[in-house]
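Chemist: So that we are looking at the same thing, I have put the structure below in structure tokens.
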Amino acid sequence: MASLMFTDCSSSISSRLIHVNARSSGAILFRQHVGQLRLRSTASPRGCSLSIRCSSSATSVDGKAVAKTIRDEITIDVTRMKESIGVVPGLAVILVGDRKDSATYVRNKKKACESVGIKSIEVRLAEDCSEEQVLKSISCFNDDPSVHGILVQLPLPSHMDEQNILNAVSIEKDVDGFHPLNIGRLAMRGREPLFVPCTPKGCIELLHRYKVEIKGKRAVVIGRSNIVGMPAALLLQNPEEITREADIIIAAVGQPNMVRGSWIKPGAVIIDVGINPVDDPNAPRGYRLVGDVCYEEACQVASAITPVPGGVGPMTIAMLLSNTLISAKRIHNFE
Ligand SMILES: Nc1nc2c(c(=O)[nH]1)N[C@@H](CN(C=O)c1ccc(C(=O)N[C@@H](CCC(=O)O)C(=O)O)cc1)CN2
């Protein structure tokens, strides 16, 4: 778990989270910043007029609607770019294996690209293909000037070295922001990554578009991914207590309904990144998706909360489109 104190955050330039203090659970200090937000109109959320309330029923943050607004903005820029310099941004997606969920995400990425005028190229490789085959595809896309963004859908089959594969993506085309150089720059003060990973970028974008003030707020990130970057042992230290102190909670732990209403400070803003399938014989797919936060309980205490589905998920893909556009603009020096 990472508890973060936001010391400076501008919606138009960069969002820097500096240090933090897990006071009651054994002090840890670390630095981290989560994102550069260079999307236009971050300060005026077109298409979402809700204000954040502090009442017994939380505002449900509509990630689907915000993602649509962002796609509309991207469409305008993609069209302008095509008309003025004849360049169409291109995204290459590599899918290895036959996981149904990954195939669905890739299909949705392709559809999203089509909807904004970004060209998408997909390479599908068999579950038992070699790491070399994946590296070869990456190398081709690194050299292809019509490709401005490359992503390898995760997770990869277990026989592959994920780090090796992510390292092979050209840092200039790393629209997922997973290359160690991009992650390293994200983690250091005074350095700028070329791309910010899409899900955390989407989380911060939602906060901005809903005009949630970040500066000076106490925030907690519950999760153990590389992006959160905390040693796993620290996760075991009283998450409930730290969470109760937070004004902003980002739950990214992958445990259905783990964060209960009693963990939440009244009026807190909750971004739920979890997408957890739970069995439900009445649901068309035999399961339904729930977040890491117990939504019904949290609604009674929080001032705003992202639902699952329909919260952060759609933002992940919108941010991928945004990163691909940023890449094409940077490569072609187009403002
Ligand atoms: N290379 C990457 N791999 C993975 C990433 C990533 O950002 N880059 N993230 C996840 C999967 N993912 C995108 O790839 C993703 C997950 C969920 C959604 C989404 O919109 N979810 C919907 C619900 C969808 C449903 O009903 O099945 C929602 O939350 O509303 C988008 C993208 C792991 N891999």
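Glycine residues also receive a Cβ, built from the backbone N, Cα and C atoms like all the rest.
Summarising the annotation, TrEMBL assigns domain 'Tetrahydrofolate dehydrogenase/cyclohydrolase catalytic' to 61-176. Residues annotated as domain 'Tetrahydrofolate dehydrogenase/cyclohydrolase NAD(P)-binding' in TrEMBL: 197-330.
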Chemist: In this predicted model, what is the average pLDDT of the domain 'Tetrahydrofolate dehydrogenase/cyclohydrolase NAD(P)-binding' (197-330)?
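Modeler: It averages 90.
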Chemist: Provide the three-state DSSP residue tally for the domain 'Tetrahydrofolate dehydrogenase/cyclohydrolase NAD(P)-binding' (197-330): helix first, then strand, then coil.
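Modeler: Helix, strand and coil residues of the domain 'Tetrahydrofolate dehydrogenase/cyclohydrolase NAD(P)-binding' (197-330) number 49 helix, 25 strand, 60 coil.
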